[in-house]
Every structure is written in structure tokens, then in C-alpha cells.
Amino acid sequence: MDSNTVSSFQVDCFLWHVRKRFADQELGDAPFLDRLRRDQKSLRGRGSTLGLDIETATRAGKQIVERILEEESDEALKMTIASVPASRYLTDMTLEEMSRDWFMLMPKQKVAGSLCIRMDQAIMDKNIILKANFSVIFDRLETLILLRAFTEEGAIVGEISPLPSLPGHTDEDVKNAIGVLIGGLEWNDNTVRVSETLQRFAWKSCNEDGRPPLPPKQKRKMARTIESEV
């Protein structure tokens, strides 16, 4: 196993522990707590994949971080912070909408890269909106935290979420996954639109009908994908 993979996991475990202690003191805001829960699932998945114990990794990560801090000067820290572009966290959904449990009468699941797409194929003839919480850097979607599909009545009928065991995805991965979800929901004559915020940062455009500018070829491909899996 690559030593950098192990040490990266160890440092991530320790930094998660520090953030958890911060949250336990009721100092974290909603985006902070949301990322904390997501990262916990990711660490569990990575630990299982690597065959590493999280508690042991956390202790090792603490030693690595302490060694780095001992060597770090205040001036070097200021320069590092100044050189790193800041990302923004954008929210279409409330914390309640993100954490709410939901159930599917006819569940369908598809994995696309490091993203998991889930939808309820029992939903028909509904108006549906896709909402997402995600981070943005350089005015482009950076990381998807969670996307969910809601009916006008507020019911959750679909979802796109990162796989904890496969971290890392691009904005193109997210757009392709959204296309698959739209194709699956429209197969049952639902009308789907995407939130303005998600359109603006994923596609750099905003249509009044809420439809992202998917090329006709991509639409046909997605329709065939859903049809073959039903």
C-alpha cells in the first residue's frame, strides 16, 4: 500500500477528530456540520477499503500534524493561506431537507464514477425540482455535497450523492449524473427542472424553464441508459 495513501488517511482522521471536538462545543454552523457528517461516512468507507483502524489512524495523524506545526512559522502559514483560493458553500436545501429520511416504492440505483444516483420509479406525472448543496471555486461547481429531487408537495423522489469509498469528482461527473437522473424521472412523464443556483454554477447559464443545456445526443444516450436498466 502506498505510504502517501496511508498518511493522508491518518491526517484526515485526525483533522476530522478536531472538527468533531469543535462541533461538540456547539460552535459549528450548518454547512460545517453537514460536511462533518459527510466526511465521517467517507472516512469509514476509506478505512474499510484500506483495512485501517480509524482510532489508530487518528493517533498517527495527530503525530504527523504536530510535527508539521512544530516546523511551521507564522509567516509561512500566512503565505500558504494567501495562496490557496477560497471555495464557497452554496445551499439550495435546508438542513432538514438534507437530513430527512426518504423511501422508494420502486427503487432504482446507478453508480456513475464516484457518484451514486437513486430514484423512485413509481413517481409519475409530477413536477419535480432538483436542489443541491455544493461548494464553488472560481465560480464553478467544485464538489457536490448532496443533490435531491423534490416534488411540489415536498416529497423526495431522487438523489445524487458522492460514494464515501470513492472520493473525488469533477463538475462534468456531476452534470452527467444529473442528466441520468433527469432521464430516469422523465421516463415516467415527470417534468423536471434544475434550481437556478445549480444551473448557474454547473452550466454557466440559467434557463427560465429550469432545464440545463444538455446536448440532444446526451439526452438520447441517457434515455437509452434508463430504458435498458428498467
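Including glycine, each Cβ sits where the backbone N, Cα and C put it.
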Range annotated as motif 'Nuclear localization signal' in Swiss-Prot, from 34-38, 69-73, 204-208, 224-228: 34-38
Within the motif 'Nuclear localization signal' (34-38), residues counted as helix, strand or coil by DSSP: 5 helix, 0 strand, 0 coil
Helix, strand and coil counts within the motif 'Nuclear export signal' (137-146) (DSSP): 0 helix, 8 strand, 2 coil
